[in-house]
Amino acid sequence: MDFDAIVIGGGHAGIEAALALSRLDFKTLMITQNLDTIGKLSCNPAIGGLAKGNMVREIDALGGEMGRIIDFSMIQFRVLNKSRGPAVQAPRAQADKLMYQTKAKETLERQDNLDLFQDTVVDFLLNSMRNEIKGVVTERGNKFRSNVVVLTTGTFLRGKIFIGEYRANMGRLAEFSAYGLDKTLLSLGFEMGRLKTGTPARIHKKSVDFSKTEVQFGDSDIIPFSFSNGNLDKSQLSCYVTYTNKRTHEIISENMHLSPLYSGEIVGNGPRYCPSIEDKIVKFKDKDRHQIFIEPEGFNTEEMYLNGLSSSLPENIQQKFINSIEGLEHAIITRPGYAVEYDYINPIELYPNLESKRVKGLFVAGQTNGSSGYEEAAAQGLMAGINAALRLQNKKPMILTRTSSYIGVLIDDLVTKGTKEPYRMFTSRAEHRLNLRHDTSDKRLIKIGYDLGLVDEERYSKYLFKKRRVEEIKELLKQRRLSLKDVADEQLKKHVSKDFYHILKDPSISLDNLIKIDPSLSDSKVILEQVELDVKYEGYINRQKDLIKKLNNLELVKLPFDFNYEIIEGLSREAREKFSKVQPATLAQASRIPGIRNTDITVLFIYFSNPKNKVVLNFSL
């Protein structure tokens, strides 16, 4: 059977890729090992968080689905870092895991141009030169032809789980791993490796003594992840906080020899910023305790997730150290924690549009690329789906820059630097994070989604109204001046005769203070928050914009794909090797490759500025 596009895998990357392709009118097939586990939240029951929440809103602004699914399935909402600056604040929501999964599958099933099929892909169909994708072959012998394939295998490609001495060829507990494609990829010359991740035990709610824990409530004001949603009024469940203690650490230390992490059996690197409890005990010996969050997994389940206690120790040891924690003395484990090791492709093998350098038409996204997390996977899946569609249309790739989005930072880091450990997004990875606030995701990206055809007229019109209203209120602030009769408190006295716009720049004055004086400035909370942040941080934002403009000049110097850098005289040996391997798309990407010197960038610029080298510069220095 023939399709325009095939997506391998039904996780968060696969969902976004399949929806993007089908919504852009391409006949798409998603093949996954189990249709009942589409969109499964394999580890923590939450979406969003620092930088991750920003990415979810960026996905939504571009026309992706993750924001709408979490808005539908959330059971608690919080803004993290609320006491800090807006650049590092981020929305996070606990999810009802089953509700999230069900909604994801339902969305796929109801999508036009999209078919779902349960099977395991074991090989590719390729052209005679073995450098162009033509389709896939499944375990049961089915052959499906297509001109593009998006590969999103998650933790299932040669996945292996570890619980003490127990080993099983699985990508998740009780779910078999996938074999076949690993051999195909190796035979095609892909640089591959092993990575490791893990998950904690789940326990029964009835066995927890919540009186010994700290309760953590959600925020009363819920900010929807999707810009298409208005106010959300949701019932919320509480989370709880407890801590490990000296006895917990002793139990783990005494049994460290039983951990496959420290016996040498696991060769893959684990996530640096989401370590197992064994790692924490070894690496942070000076800490007397570690914080543990007890999180509900949904409205209709009694299972609780122990955030911060990921472990692959034997089940009896897990039971022992969990019972040493206050509030969990009688905790009953329903599912043990475990580690999972899996194959990944070094993302340096990919162009910035997430297409393979070795096989035309093969796009790769998610944990297969060495990333970690639902949000990182969904972001890559969306971009891979969009670029696969553009490949089918013979159009230029759509590549987001580092200055435009966290998604741009994520993909640029992966394809430029590669990775030897699961890559997780943080606000600190973005050089211009004040310009990447979660509330401005639509301002930055929705026009791109609209032009692509993923954002409909209704959503785009709603955004244009919001944009217009924000500017109208800013103009009103500039026109309105403070008179002496308006002053009701001492804070405002020094601002008499100034316009409201400049008064609002005072850190001690809020927009609410000014609305009390002039109620005509009032509007929805979303619009007022954006106005206030734009005005208060205008100076910083403008300085960043000036810097971004200069940096974007380097982005405008496009470099050819599949270029032989050995012919350029004056490049260092290291630069020749790294440019040949990475094949940077722009001079800016070339400058970010580790180990590259400014002199190498100058040599490149001079070489490609020469008209005889057939590279057109899109700006004047």
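Every residue, even glycine, has its Cβ placed from backbone N, Cα and C.
In Swiss-Prot this protein carries:
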{"type": "BINDING", "residues": "GLY9, GLY10, GLY11, HIS12, ALA13, GLY14", "note": "FAD binding site"}
{"type": "BINDING", "residues": "270-284", "note": "NAD(+) binding site"}
Point to revise | GLY11 (FAD binding site) versus GLY270 (NAD(+) binding site) - Cα distance in angstrom | key: 20
Practice item. Counting other Cβ atoms within 10 Å, pick out the least crowded of the binding-site residues GLY9, GLY10, GLY11, GLY14, GLY270. Key: GLY270
Practice item. Please report the DSSP secondary structure of GLY14 (FAD binding site), reduced to three states. Key: helix
Exercise for review: For the recorded FAD site formed by GLY9, GLY10, GLY11, HIS12, ALA13, GLY14, name the remaining residues of the chain with Cβ within 8 Å of the site's Cβ center, in chain order.
Suggested key: VAL7, ILE15, GLU16, ALA17, THR32, ILE38, GLY39, THR152, GLY154, GLY366, ALA377, GLY381
Revision key, fill the gap. If you measure between the CA atoms of GLY10 (FAD binding site) and VAL282 (NAD(+) binding site) and round to the nearest Å, you get 36
Check your understanding: Between ALA13 (FAD binding site) and CYS274 (NAD(+) binding site), what is the CA-CA distance rounded to a whole number of Å?
Key -> 20
Study note, to complete from the structure: CB neighbours within 10 A of SER276 (NAD(+) binding site), counting all protein chains shown, number 26
Check your understanding: Which of these binding-site residues is closest to HIS12 (FAD binding site) if you go by CA atoms: SER276, LYS280, VAL282?
Key -> SER276
Practice item. Enter the number of other CB atoms within 10 angstroms of the CB of ALA13 (FAD binding site). Key: 35
Check your understanding: Residues with Cβ closer than 8 Å to the Cβ of LYS280 (NAD(+) binding site), same chain and 6+ apart in sequence?
Key -> LYS287, HIS290
Practice item. From the binding-site residues GLY9, GLY11, GLY14, pick the residue whose C-alpha lies nearest to the C-alpha of ARG272 (NAD(+) binding site). Key: GLY11
Point to revise | For PHE284 (NAD(+) binding site), the one of GLY9, GLY11, GLY14 that lies nearest, given that the binding-site residues are compared by Cα | key: GLY11
Exercise for review: Can you grab the distance from CYS274 (NAD(+) binding site) over to GLY14 (FAD binding site)? Cα atoms, rounded to a whole Å.
Suggested key: 23
Check your understanding: In angstrom units, rounded to an integer, how far apart are the Cα atoms of GLU278 (NAD(+) binding site) and GLY14 (FAD binding site)?
Key -> 32
Practice item. List the Cα distance (Å, whole number) between SER276 (NAD(+) binding site) and GLY9 (FAD binding site). Key: 26
